[in-house]
Amino acid sequence: PPPLGVTSVLQALQVKYGDLYQQDNVVLSGTHTHCGPGGYFQYTLFMITSGYMKAAIEPLVNGIVKSIDIAHNNMKPGRIYRNRGELDDSSLNRSPHSYLNNPEEERRRYKWNTDKQVLVLKFTDQDGDGIGMISWFAVHAVSMNYTNRMVSSDNMGYASYLLEQDKNPGGLPGQGSFVAGFSSSNLGDVTPNTRGPYCVNTGLPCDYLNSSCPIGGTKMCQAFGPGEDMFESTRIIGHNVYLKAKELYANAVEEVTGFIHHAHQWVNMTDVTVQINETHTVRITCKPALGHSFAAGTIDGGGDLNFTQGAVEGDPFWDGIRDALLGQPSNQTKECHHPKPILLSTGEMNWPLPWHPQIVDVQMITIGSVAVVAVPGEMTTMSGRRLREAVKEGTLKDMEVVIAGLSNVYTHYITTYEEYQVQRYEGASTIYGPHTLSAYLQKYRGLARAIAQDRVSELPAGPQPPFFTENLFNFVPLALFDRKPENMSFGDVLEEVYPVYRQGDVVTVTFVAGNPRNSGDIRDKTFVTVEIFDNRTETWEVVHNDASWETRFHWLKGSNWQSNATVEWQIPPTALAGSYRIKHFGHYKELKGLQPVITPYEGSSDVFTVTASFYYE
């Protein structure tokens, strides 16, 4: 089914707006980050680390619905313009060996082994004043690496932050009228870590075929850059994307005109057939399964065990453990997925819930001359190119076709047939077998044809997916009660600020804190504010909150149910000189009688002064 979040969003919209917003005209496409709270999928594999967490899904649903409410209530006549350009210094193919397995004649048609184009849609009102922008660029949001423990929207989120700050001067993140969306595209084999992979323990290049190192295996083979750490890399890549989008936005003059159309179908991806002649069809897709190279990870984050990318044979040791714990894949599934050596036959694993989706949705929305193809997974560079061509073939040939990846439901990766044979991470994670892409091409051609011929109403809806409400499990213990040091209160300062800082310095303050999970849905609140004293009004004005790039909020769980929160503020060079303070907001849980009671608290640092930077020669 769609994740619980998609279904919940649609249900909430139906209550408010009736049939205006439905499955076929609403696309939820993830910006993509590996640094967000989990716990909102229904399938066992995606829940296995944490389980289903109601406290994680409700703020997501509420936030998405609120954003749609705001857009709906602010609709006005306007215009859309489109523009496109190239950004060639912010992406790298992380599986070039797989890419080279595509036909040489096909590869010759393209300058790069990743898609460098940036597409921008510019939205204005009738007076030409900007309302918002959506852009698509194919790169993974993995500048923040697996060592990070903070919630982050990564490089695409930073690009959005920069453009919205630019268009909403003086506003806090997400609170201005101008909206800038930086969306996913065919990023499956694309990394932002542009210095490429090398062995972190020796400094030597990784093995080209398997992305592994002689000592330490795949874990030691990591890609870095362009910055010296993950924060600088996020900033550089995000800034590059922001600058290109800003340039394309400013110069967008080609108006998008015409009608809006949308088409949606449910598809059983384990049973897609193709017609081979007038009387016979053949099934080309498989029950879901993940290969051994899935466990190897990628150069953006390798696995902890001794798996390597490019494995086309199983490992007796791991296969034996799998057979004992989870059961052996059927011969039919093995044959269907060949040459993938199956590590997890997820399509044959249904306890306590199915491990992977079988029924997924394909969807397309056309806005005048622009076709947005909503894909439920991560397409590689060449897969995306083939899909764009398939949509254009004969029906939408004059359209600007863009792939909106990671839409509605997640099905891992989609490689070409040729890339699949190499069985690097992306091929091992193409869960419906070697002909997955062919199945999608057939389905999206059908959507394009129906839109072009105005026959969308004749499209079969497809098999409805199941919706699970029982057997949802949760491995994360409840946030227990909070305690504080003796003779102190929640929000008290444990480590105080210095009295004076300069632009470019980092301010740090530590508070007695409660568990942040006890704060619940804080979409209209913040854990942190940085405030400046306005001498004219004699009031404190908020200049940054916990969504600002300049702030970091660390929660440290201690012993005896006590915890601390440390706030960092990296003073930007643009900060005004003046008097500042940092405030922390939270909630603590205590037991009163036999009932848990959650109480808000806040704390403030001492006032400190920020002065202009100066240097001695």
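Using the three backbone atoms N, Cα and C, a Cβ is placed for every residue, glycine included.
Keep in mind the model is a prediction, meaning the values are calculated, not measured.
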HIS32, HIS140, GLU378 bind Zn(2+) per TrEMBL; candidate in TYR99, TYR413, TYR417 listed for that same site = TYR413
Ask   = Among all the protein chains here, how many other CB atoms are within 10 A of the CB of TYR413 (Zn(2+) binding site)?
value = 23
Request  = Compile a sequence-ordered list of residues in the same chain as GLU378 (Zn(2+) binding site), six or more apart from it, whose Cβ lies below 8 A from its Cβ; state 'none' when nothing qualifies.
outcome  = SER184, ASN186, LEU187, GLY188, GLY405, LEU406, HIS412, TYR413, ILE414, GLU426
Remark   = The average per-residue pLDDT within the domain 'Neutral/alkaline non-lysosomal ceramidase N-terminal' (8-442) comes out at 95
Request  = Check each residue in the chain of HIS140 (Zn(2+) binding site) that is at least six apart in sequence and keep those whose C-beta is under 8 Å from its C-beta; list them in sequence order.
outcome  = HIS32, ARG94, LEU187, VAL190, THR191, PRO192, ASP300
Request  = With DSSP as the reference, give the number of residues of the compositional bias 'Polar residues' (90-101) in helix, strand and coil.
outcome  = 4 helix, 2 strand, 6 coil
Message = Using the CB centroid of HIS32, HIS140, GLU378, TYR413 as the Zn(2+) site centre, which other residues of the same chain sit with their CB within 8 A?
response = SER184, LEU187, GLY188, VAL190, GLY377, GLY405, LEU406
